[in-house]
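These notes are about the structure you will find just below.
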Amino acid sequence: MLYMIGLGLGDAKDITVKGLEVLRRCSRVYLEAYTSVLTVGKEVLEEFYGRKLILADREEVEQEANNILKDADISDVAFLVVGDPFGATTHSDLILRATKLGIPYRVIHNASIMNAVGCCGLQLYRFGETVSVVFWTDTWRPESFFDKVKKNRQNGMHTLCLLDIKVKEQSLENLIKGRKIYEPPHYMSVNQAAQQLLEIVQNQRIRGEEPAVTEETLCVGLARVGAEDQKIAAGTLQQMCTVDLGGPLHSLIITGGSLHPLEMEMLSLFSIPEKSSESQSIDGL
């Protein structure tokens, strides 16, 4: 059996009782290590779970999945995923591969950023399509995701922006030369995402377009959701450029315009203080 086990969002103790019981009886336990990270490292997880973990990077999961599935038809193999197992399309692919090989599977769910963002007070059923915001480079500065933000705003829906994670990535030079040398892990902050979004807004104005988002659009920055030091800040997109949310992982929500009174009241709990160095608080919060 292949077991896909969600680990939740915080630390080692966020795994479910059912998930912990299953992984402790598996012959091999893989830890997916590229779509998200917990607030603790592999060693802490191993100590709490009482099992050695095999790190599975993007290359292994997407190109060498058969190594993970080896003997899973005659023994139990666990594949651990931060958040919920279906938080990334890669994991659906692994299940499809297992099914084609005649390997049964079972999924043990857990909290995901997709539902945990409700902690800020915005109502989950008012969210539209989720988007990913990637790190720009000198030669690659995609803006196409902004069309989805626009569509969500037109429909009065909030947009959850998942911010880029770079883990075990190679520089262009090392990639070209075939050198297995990797860059240090790099996690996009709310500040970086907001700055890129504002540049897209400016680009649209230069092209004579009416941007669906402006500097004054109400946004919510979230950091380390599910952890004890979780942080939330509500303010304008401009304020998101400077608000200090601390270490990774960060997420950004662009609100859908008109808010329910309960949403407004909840966001007021996280309003950036008027006297903070970032800027002034949101009107009405």
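Cβ from N, Cα, C; glycine included.
Predicted automatically and left uncurated, TrEMBL annotations should be read as such.
Here TrEMBL flags Leu9, Asp84, Gly87, Ser112, Ile113, Leu163, Val225, His250 as S-adenosyl-L-methionine binding site. If you look up TrEMBL, you'll see 1-239 marked as domain 'Tetrapyrrole methylase'.
Sequence-distant neighbours of Gly87 (S-adenosyl-L-methionine binding site) (same chain, 6+ apart, CB under 8 A from its CB) are Thr35, Ser36, Val81, Ser112, Ile113, Met114.
Note on Ser112 (S-adenosyl-L-methionine binding site): other Cβ atoms within 10 Å of its Cβ, all shown chains, come to 21. Listed in sequence order, Leu9, Ile113, Ala116, Val117, Cys119, Leu249, Ser251 are the same-chain residues at least 6 apart in sequence whose CB falls under 8 Å from the CB of Val225 (S-adenosyl-L-methionine binding site). Across Leu9, Asp84, Gly87, Ser112, Ile113, Leu163, Val225, His250, which the record gives as binding S-adenosyl-L-methionine, the greatest C-alpha separation is 17 Å.
Sequence-distant contacts of His250 (S-adenosyl-L-methionine binding site), defined by Cβ-Cβ distance under 8 angstroms and a gap of at least six in the same chain, are Leu163, Tyr187, Met188, Ser189, Val190, Ala193, Gly221, Leu222, Ala223.
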